[in-house]
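To start, the structure itself, in structure tokens.
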Amino acid sequence: MQVRWAPSDGSLGDYTYQQDMSSSDKLSADDVLNTLDKSNRHILTCILVCGLAWSPLAFTGLCPSFVVKASENSSFIGVADEFDLTGDASWLAESTTTFYMVGNMIGGMFIPPLADHYGRLPVFVATVLLMAVGGMISAFSTSIMMFCIMRMIHGIFYTAAGLAGWVLGYENTPLRLRFFTSVYFGVMWVVGACFLGLLAYILPDWRYLMFCISVPNIFVALLIYMTVPESLHFLVSSQQNEKIEAWLEKIRGPKGDISASDIVEDRDENGSSFKTLCREMWKHKMFIVYVLVMTYIWIVDTFIYFGLAFYSTNLAGNLYLNFVLMSLVEAPAYIFSPIFMNKYGRKVLISGTHIIAGLSFLGIVLSSEAWHIHFWLLGKFAISCSFMSIYMFASEIFPTDGRNKCIGFCETLSRFGGMLSPYLSHLTAVHALAPAITLSLIAVSGGLLTLILPETLNTKLPSTIAETASRRQLIDDKSDSSSN
């Protein structure tokens, strides 16, 4: 039996079912998932629970907005207040976020391979639990250095939990539900961010806040362990036939017509060795340009996104309301970005949203203070659209034989933008509008550089670096032939 799911019109999320019976054919894990009904309760539970974990992840990633140093007009007690980090020592408060981003880089490099070896589920559960423990211990820090170290540990497990949770949920999702899965994960992040603002209002002390935002991870980890199955893709790739049979019986029912022997591993995702990849890149210099441009865009988006999140509590007005509004504006970005990408193209959307963000920040410089919050919100919406889209764009630009390595390279280096983001507020010492001017210039530069990249809408995924490097010419040839 052969099962295929193909886009009926080239768009994401719109798939037509085609089945061709042939007993000699083998199925991939995706083929098996696509035979499941979209209302399958086990799959829906997996999606809902894995996405639910992103709410407490938002607690961890965005808590510096309050914990480090809240607005001077606020009664919130942050680490800068408790440890008297003022004057020449004020930089130590922001360094807690730098330590956190360093932890992100470490976790991103060393823990994902454990998920490939031991499984997505155990790594997901373990890292979520360790996040809870690390967060609760950090609430009892006796010095700023102890807090920095605990934040770095937090960062290590945050990245691993986020990646493992996303991969586990995505790999257990049929193709026709992956659009919904992407939107749901993003919305749950927004829900977590909004709850963080509410908790900070109720608990205006960094110790109480850190402890309370860490506890939910314990319950989430237990819920994951009790309800979420291991990734079928992982079980197939590791050839665990007994567990595959158990997975099939649980998810598809005891009377299913597919067995472990019918499923084969899709091996084209393993990619080339690092040495081979470097050799191919040297042959095709344009591909190196694509990697550098994509890395720069990733750094820009990380810097602006976290910079806005952390800086929102320094804006005029109620810091809690400002933070919640900055978070809520992400929800429509996560919902509409995939639609805009399929209608106007990846490059147009990402370049355009960077330009819109840049103009929004420029509007802050040119307008009265009453309009500032509106321009900040528009800028946050635009950069959230780009951040949502860049993962798909990168997956379609980078070829199969180097996709994981290239995306990992971009993701890791993007944390340098995260390291710099907490220092955005320090630019007010130069001029009150210096943060807005800086963000505007950086956003516009990212938008203009995006134009160097090839459009990937309605094109098949490249298999080799040579295909990616020549893609611009291929698209030009295709457009010329269609016009004739």
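Just so you know, the numbers here start at 1 and follow the chain as drawn.
Every residue, even glycine, has its Cβ placed from backbone N, Cα and C.
Bear in mind that the values here come from a model prediction, so they are computed numbers and not experimental data.
Taken from Swiss-Prot as is:
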type	residues	note
TRANSMEM	43-63	transmembrane segment
TRANSMEM	95-115	transmembrane segment
TRANSMEM	121-141	transmembrane segment
TRANSMEM	144-164	transmembrane segment
TRANSMEM	183-203	transmembrane segment
TRANSMEM	208-228	transmembrane segment
TRANSMEM	286-306	transmembrane segment
TRANSMEM	321-341	transmembrane segment
TRANSMEM	348-368	transmembrane segment
TRANSMEM	373-393	transmembrane segment
TRANSMEM	433-453	transmembrane segment
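Of the recorded ranges 43-63, 121-141, 208-228, 321-341, the transmembrane segment (95-115) has the largest number of C-beta contacts under 8 angstroms with 121-141. For the transmembrane segment (433-453), same-chain residues at least 6 beyond its ends with a Cβ under 8 Å from one of its own Cβ atoms are 289-290, 293-294, 296-297, 300-301, 303-304, 307-308, 311, 347, 350-355, 357-362, 364-365, 379, 382-383, 386, 393, 397, 424-425, 427.
Only pairs six or more apart in sequence are counted, and the transmembrane segment (286-306) with the transmembrane segment (373-393) gives three or more Cβ pairs under 8 Å, enough to call it a contact.
Using the rule of three or more Cβ pairs under 8 Å, pairs at least 6 apart in sequence, the transmembrane segment (208-228) is in contact with the transmembrane segment (121-141). Ranking 121-141, 348-368, 373-393 by CB pairs under 8 A with the transmembrane segment (321-341) puts 373-393 at the top.
Highlighted: of the candidate stretches 43-63, 183-203, 348-368, 373-393, 43-63 has the greatest count of Cβ pairs under 8 Å to the transmembrane segment (121-141). Within its own chain, the transmembrane segment (348-368) is flanked in space by residues 297, 300, 304, 337, 340-341, 375-376, 378-379, 382-383, 385-386, 389-390, 393, 433, 436-437, 439-444, 446-448, 450-451, 455, which lie at least six positions past its ends and keep a Cβ under 8 Å from the stretch.
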